[in-house]
Amino acid sequence: MNPDAPTPKNKSSRSRPSDRPQARKKAKIKTKGIYLRAIGDAFVKLNPKSAIRNPVMFLVWVGTIITLSVTIEPNLFGTTQQKNPQLFNGILTGILFFTVWFANFAEAVAEGRGKAQADTLRSTKSETLAKLLSPDGKITDVPSTSLKQGDTVYVVAGDVIPADGEVIMGVASVDESAITGESAPVLKESGSDIASSVTGGTRIISDELIVRVTADPGKGFIDRMIALVEGAERTKTPNEVALTVLLAVLSLVFLFVVATLPVFAYYADTPINVPILVALLVALIPTTIGGLLSAIGIAGMDRVAQFNVIATSGRAVEACGDVNTLVLDKTGTITLGNRLAEEFIPINGHSIEQVASVAWVASVFDDTPEGKSIVRLAEKLGIRYDLDPNQAQGVEFSAKTRMSGTNLPGGREARKGAVGAIKGFVRSRNGRITPELDVAYEQVSQQGGTPLAVCLDNEIYGVIYLKDIVKSGIRERFDQLRRMGVRTIMLTGDNRITASVIAQEAGVDDFIAEATPEDKISVIQREQAQGKLVAMTGDGTNDAPALAQANVGVAMNTGTQAAKEAANMVDLDSDPTKLIDIVSIGKQLLITRGALTTFSLANDIAKYFAIIPVIFASANLQSLNVMNLTSTNSAVLSALIYNALIIPALIPLALKGVQFRPLTANQLLQRNILIYGLGGVIAPFIAIKLIDVLITLVGLA
């Protein structure tokens, strides 16, 4: 029961305990399918057109072709003095092949998750018959695919909404579980800025609507989401492009170094075969991060999708990691939104107990959190009646009446609702409105609460004070953001005194009271003028300019079409609080990329000490063979086997992301160097030595 908004959805219906084993089973089957599809896709990505998009792995791909050639013809580049060169070159070719394949597999697994989500979205699309409404009121059944922007359709209970649109007449409950996963229906009505947008593929479960189509065939919300999560040509983010260029430059430097080695080797009387040169190049270039870079970026979008948020691009997710300022609405983001009964205020000479009694009767059939809180507050005062459900009848809240209540035996009527609605109800029954009601109304409003008037028949007994509760743990989350250098600004329509109290309780850095939609744009522009990146949420048409202005704009799925088109992310659950989680995911993406880059470059140090000393053994460089590797063949194979296996070993970390901690930039740098820098040096030393021992045991040294 909320006279100012649709009935809240029941979040508890989302996952019952009995559903969880089946859900886990489905998840396991889905994951298995992703990996099976990725195996095939990894082979498809071996074609040159795909391989050349990754400069680092393309060098490995070319090296594989070269070693395959010398496996077939060992003397292709001159006479070799190796023992059994075809066996060594064949093993080397196999290792290089799997190095490329593992990198492709990592990218294919990350892409597979997006394809699985696209399949889920595609399953909601079905061609149905739509009731096309002509200007003269005639209804014609037409295929939904023939609808175009501007058409008007009529939908009734049980119908699937044929296309995206705006409600222009009617009020109805809509099941959006096919898109959001939320089983509770959502109220849609005309004339509401945030509840008038409907999505094709959802189903009406009660009443009827007249909808104006806002999207041509193939350009609806679901179509756009499928294209986004399944797009074959993923646009790299600016940071990803910069890192790719850096890795390519490093690879070219190492290529130049390796290309000049034969000259030095000739004067050192230590000739180097072409397969060894290829192996040395592959060992030195940053193949680990080169093989996982695409997977990290794709997985970032996937982690956002797991929160039921669709990002228009990886650029949007990455921008979240650089956000400096969050602009947040108070209601639903900082406060619960489901206001709870705080106090009964009597008027017209009535007592608190009398107000509580009428409020209890008017709310006893109300199953919303607000209605239940009114009953609880009344029962704390000792109020309770034994109502016969067969004789009393509950009256549900509706957007038209803006009130709810109970019809009692004998024709008596108890109602609660918006003050204006109750005034109209009482006047229609020849009741009297006193100035005390307006005084109580202002008293509650000045405290930032919502006033509900309570009446029995044509007599108003008093006002219920509904208080908006600050969300539990929100202060700690803002503290975490503050430690990361993210500033929070609360926008609210409340007066300055109320806004100040809530801001202090929630722990935001700044607030703007009595805010208008224009204030949102002003705040965003002010912060951006200071060189900051800004994120915000919105759902109404009046939020669209601010969503477009923000670096990260998250639109609610229940919002208007204009808001969703202006934003670069859409939250299918319509939960504004998710903005905080999205920012954390963006920062986790950047941290993961930085950590694995550090680890990959540190790996090269160990591989350098593994191969160089044994290649130039006759040049008195054995003192650098700190791992005491058996032979040149053993050192090369050990380093490259490690080089290949570390890629699949790090796939789970690349997909899941490095554990995120709210630390400062200096603390993050120190942590990365200690764990992934030092660890990246030590781990390959140990692994390469163990592999060398195994190779020696099987006689390949």
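The backbone N, Cα and C atoms fix where each Cβ goes, and this holds for glycine too.
The annotation region 'Disordered' is assigned in Swiss-Prot to 1-28.
For 57-77 (among others), the entry in Swiss-Prot reads transmembrane segment.
For 90-110 (among others), the entry in Swiss-Prot reads transmembrane segment. Long-range contacts of the transmembrane segment (90-110) within its own chain (CB-CB distance under 8 A, at least 6 residues past either end) are made by residues 34-35, 37-39, 41-43, 45-46, 50-51, 54, 57, 60-61, 63-64, 67-68, 71, 275, 278-279, 282, 287, 290-292, 294-296, 298-299, 302, 636-637, 640-641, 643-645, 647-648, 651, 654-655, 700.
If you look up Swiss-Prot, you'll see 245-265 (among others) marked as transmembrane segment.
Summarising the annotation, Swiss-Prot assigns transmembrane segment to 276-296 (among others) and lists sequence analysis as the type of evidence. Residues 54-57, 59-60, 63, 66-67, 92, 96, 99, 102-103, 106-107, 109-110, 234, 240, 243-244, 247, 250-251, 254-255, 257-258, 261-262, 589, 592-593, 596-597, 599-601, 603-604, 607-608, 610-612, 615, 632, 636, 639-640, 643, 646-647, 650-651, 654-655 of the same chain, all 6+ positions outside the transmembrane segment (276-296), place their C-beta atoms under 8 angstroms from a C-beta of that stretch.
The C-beta environment of Asp329 (active site, 4-aspartylphosphate intermediate), restricted to residues of the same chain at least 6 apart in sequence and closer than 8 Å, consists of Met490, Leu491, Thr492, Thr537, Gly538, Pro576. The annotation active site, 4-aspartylphosphate intermediate is assigned in Swiss-Prot to Asp329 on the grounds of sequence analysis.
According to Swiss-Prot, the feature ATP binding site maps to Asp366, Glu370, Phe397, Ser398, Ala399, Lys400, Thr401, Arg402, Met403, Ser404, Lys416, an assignment based on sequence analysis. Neighbour count (other Cβ atoms within 10 Å of the Cβ, all protein chains): 29 for Lys416 (ATP binding site).
Non-local neighbourhood of Asp543 (Mg(2+) binding site): Pro517, Lys520, Ala555, Gly559, Ala563, Ala566, each in the same chain, at least six residues away, with C-beta under 8 Å from its C-beta. Look at Swiss-Prot and you will find Asp539, Asp543 tagged as Mg(2+) binding site.
According to Swiss-Prot, the feature transmembrane segment maps to 599-619 (among others), an assignment based on sequence analysis.
The transmembrane segment annotation in Swiss-Prot covers 635-655 (among others) and rests on sequence analysis.
According to Swiss-Prot, the transmembrane segment annotation covers 681-701 (among others), on the basis of sequence analysis. Through the fold, the transmembrane segment (681-701) approaches residues 88, 91, 602-603, 605-607, 609-610, 627-631, 633-635, 637-639, 641-642, 646 of its own chain, all at least 6 residues removed from its boundaries and within a Cβ separation under 8 Å.
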Open item on the list: Whole-number answer please: how many Å between the C-alpha atoms of Met403 (ATP binding site) and Asp539 (Mg(2+) binding site)?
Closed with: 24
Task: Neighbouring C-beta atoms (10 Å sphere around the C-beta of Met403 (ATP binding site)) - done: 24
- [ ] Express the distance between the Cα positions of Lys416 (ATP binding site) and Asp539 (Mg(2+) binding site) as a whole number of Å.
- [x] 28
TODO: Within 10 Å of each Cβ, count the other Cβ atoms and name the one among the binding-site residues Asp366, Phe397, Thr401, Asp539 with the highest count.
DONE: Asp539
TODO: Give the helix, strand or coil assignment DSSP yields for Met403 (ATP binding site).
DONE: strand
